[in-house]
Amino acid sequence: MNKHDLLITNLCRNLAPVPPAPNINRLAMFWFCLSAIFVVVIIHLMGPIRPGSFSQLVEEPRFLFESLLGLAATLWVCQSAFRGAIPGALTSRFYAFGIMLMILWLAQYLTGLVSPALEPSMLGKRSHCFFETMIYSLPLFLSGLLLIRRLYPLRPMRTAILLSLAAGMLPALYMQLACMYETSHTLVFHILPGLLMLPTGAAIAMFWQTHRNMHNADQV
């Protein structure tokens, strides 16, 4: 046995077999569905939703489009976050399309400042919708981080930001049915707290990455 073969043998001697990566699309859908159920249940438990909001989805095509676009954008960003946790699973085209969908959805509310999808109304206003959106987002992000902790994102900060964006937008989206509909209120009290999950998620991910690097260094 030459020295190169001996080196390879010594390096491989104590290596444990690595289990195959999970089906990342199923894992993402699992998190998304459970998170959506959690958001719907907790919002209903904390107070009544806006009267007639579900019938408005049928009666107002633009409101339906706005809501479906938000759902599609959030789901796509969720898939991007989980794909980013496995090397090579997230393509630049898939990532860019998700960001484009999210921007297109948020642009609907900027357009709504001039021409809203629904007649602005105080009906159904929730007293603490800003804090509700932020508080409900946090366990979603932490649960997603828990699911991907054993995977290997090559760009952990991007993965965390995508995950926190999906976590923040889920309650923000459902607040469009649960709370009053008025575009400036939507932007400030629903969308903004959802977007504030981005720096929060990045800070948590930075702490997690530092802790993981220290743990790996100790093992070496």
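Note: Cβ is positioned from N, Cα and C throughout, glycine not excepted.
Caution: TrEMBL annotation is automatic and unverified by curators.
What TrEMBL lists as transmembrane segment is 27-47 (among others).
Taken from TrEMBL, the feature transmembrane segment applies to 63-82 (among others). Within the same chain, residues 24-25, 27-28, 31-32, 56-57, 90, 94-95, 97-99, 101-102, 104-105, 108, 117-118, 144, 147-148, 159, 162-163, 165-166, 169-170, 173, 176-177 sit at least 6 positions outside the transmembrane segment (63-82) and bring their C-beta atoms closer than 8 Å to a C-beta of that stretch.
Here TrEMBL flags 94-118 (among others) as transmembrane segment.
Annotation comment: TrEMBL describes 130-148 (among others) as transmembrane segment.
Summarising the annotation, TrEMBL assigns transmembrane segment to 160-181 (among others).
For the transmembrane segment (187-208), the residues of the chain that approach it from at least six positions outside its boundaries are 106, 109-110, 113, 129-131, 133-134, 137-138, 141-142, 145, 149, 156-157, 159-161, 163-165, 167-169, 171-172, 175-176, 179, judged by C-beta separation under 8 angstroms. The transmembrane segment annotation in TrEMBL covers 187-208 (among others).
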